[in-house]
Amino acid sequence: MDFRSKGITLHSLFVSFLLFSAIFPLSFSAANQPHKVKNLATPRRLSSSAVFKVQGNVYPLGHYTVFFNIGHPPKFYDLDIDSGSDITWVQCDAPCKGCTKPRVQLYKPNHNLVQCVDQLCSEVHLSTDHNCASPDDQCDYEVEYADNGSSLGVLVRDHIAFQFTNGSVVHPKIAFGCGYDQKYSGSTSPPSTAGVLGLGNGRASILTQLHSLGLIRNVVGHCLSARGGGFLFFGDDPVPSSGIVWTSMVHSSSEKHYSSGPAELLFNGKTTKVKGLELIFDSGSSYTYFNSLAYQAVVNLVTDDLKGKQLTRATEDSSLPICWKGPKSFKSLSDIKKYFKPLAFSFTKTKNVQMQLPPEAYLIITKHGNVCLGILDGTEVGLESLNIIGADRSPLSSAFSYVSLVTSSARFRSSTAAAAASSFAYEASSASF
């Protein structure tokens with residue numbers, strides 16, 4: 001069936017986040033004293049938690065994926081993990097424009113379109129004038145990313161298989177996008193995955209739909225290794241019950257992402273006078289982006305600290321804007337620790353909770369054996385004052401847990417020994433969706 005033949009006004013969802021990303025180890029700590037861990041809001045019916053194996057790596061692939069078993073009969077689809085948007089979509093046989101998978105691997109709808117009058121359809125549209133010409137109209141969507149990539153398609157409902165840690169297996173009907181027109185930024189190659197797994201803080205996300213069905217607590221987290229692989233989980237069973245500190249989250253019903261702040265930037269444990277930073281955590285972002293003030297501060301601090309050390313600028317290495325070469329080629333991030341100092345974000349409104357970024361959390365080793373700054377200037381790609389902490393080639397390599405309910409806070413593991421697998425969560429202290 002060709003959905004594009006219908007003369008229906010497209011209701012667009014514009015999600016201003018990135019498709020790019022990369023990962024490094026980091027840790028979270030309470031600089032002075034730990035916060036008391038709060039109880040998560042619990043639905044009346046809970047099955048348990050679902051855990052998925054994650055594939056991919058930081059470099060050179062630059063993204064992490066999971067496989068979902070979708071449809072009846074079921075078929076596996078590999079999806080790029082993205083906590084910066086809430087629409088999950090797969091490449092659609094409708095026919096499909098801009099799809100990278102062979103036709104036999106595309107999702108084929110079977111009379112399972114979400115109608116325009118469906119409540120979920122209005123949730124995926126940011127505009128308040130969501131009108132339907134006819135109750136039988138299909139629910140169109142468009143998600144546009146900050147790198148100018150996009151997916152256009154129609155919402156469908158189909159069975160997705162979930163095996164829970166308590167042994168039960170369920171196949172609930174979940175709404176997701178069937179994308180028949182994908183566009184990609186000219187600076188990036190089309191992804192090899194079948195689509196995107198949107199885990200943002202919105203009602204259209206798979207997480208929220210499972211929670212509304214009473215199947216899980218509204219928690220999603222991932223434990224990702226900078227060496228490749230990891231796992232993704234829905235529900236809070238894998239979240240540690242101790243060693244957790246909290247900081248408040250910025251909540252807005254119109255935003256689909258996870259954001260915390262304000263935070264102060266620290267270098268080697270000392271203040272940089274860069275304050276009031278709002279941070280967006282986006283596992284679908286290939287890089288970490290700072291606003292121009294924070295970015296230039298980091299560049300200046302790192303550059304000044306390298307004076308007198310055996311590193312020189314590697315201007316011939318175009319892997320990233322700022323790279324250095326040493327006396328000999330670097331083989332791993334452990335080789336560069338002695339040259340660089342740690343960064344940190346201090347959330348001053350929450351008893352000085354800190355998110356710590358050791359050198360291996362903001363640097364990468366290129367194929368040329370040089371070390372490069374893995375933080376980019378967001379203003380150069382149109383992000384203005386936004387600060388995005390990515391999780392494919394940025395400081396998010398570790399464990400992260402997000403709880404997307406009404407009143408949110410972020411949960412961090414306090415042990416600095418967790419640099420290889422730190423954790424973080426969003427929790428709601430009042431009502432749930």
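Along the chain as shown, the residues are counted starting at 1.
Even glycines carry a Cβ here, placed using N, Cα and C.
Because TrEMBL annotations are produced automatically, they should be read as predictions rather than curated entries.
Taken from TrEMBL, the feature signal peptide applies to 1-29. Taken from TrEMBL, the feature domain 'Peptidase A1' covers 64-420. The active site annotation in TrEMBL covers Asp82, Asp282.
Cβ neighbour count for Asp82 (active site): 31 (other Cβ atoms within 10 Å of its Cβ, all protein chains included).
On a Cα basis, Asp82 (active site) lies 6 Å away from Asp282 (active site). Other C-beta atoms found within 10 angstroms of the C-beta of Asp282 (active site) number 31, with every protein chain shown included. In the predicted model, the domain 'Peptidase A1' (64-420) has a mean pLDDT of 82.
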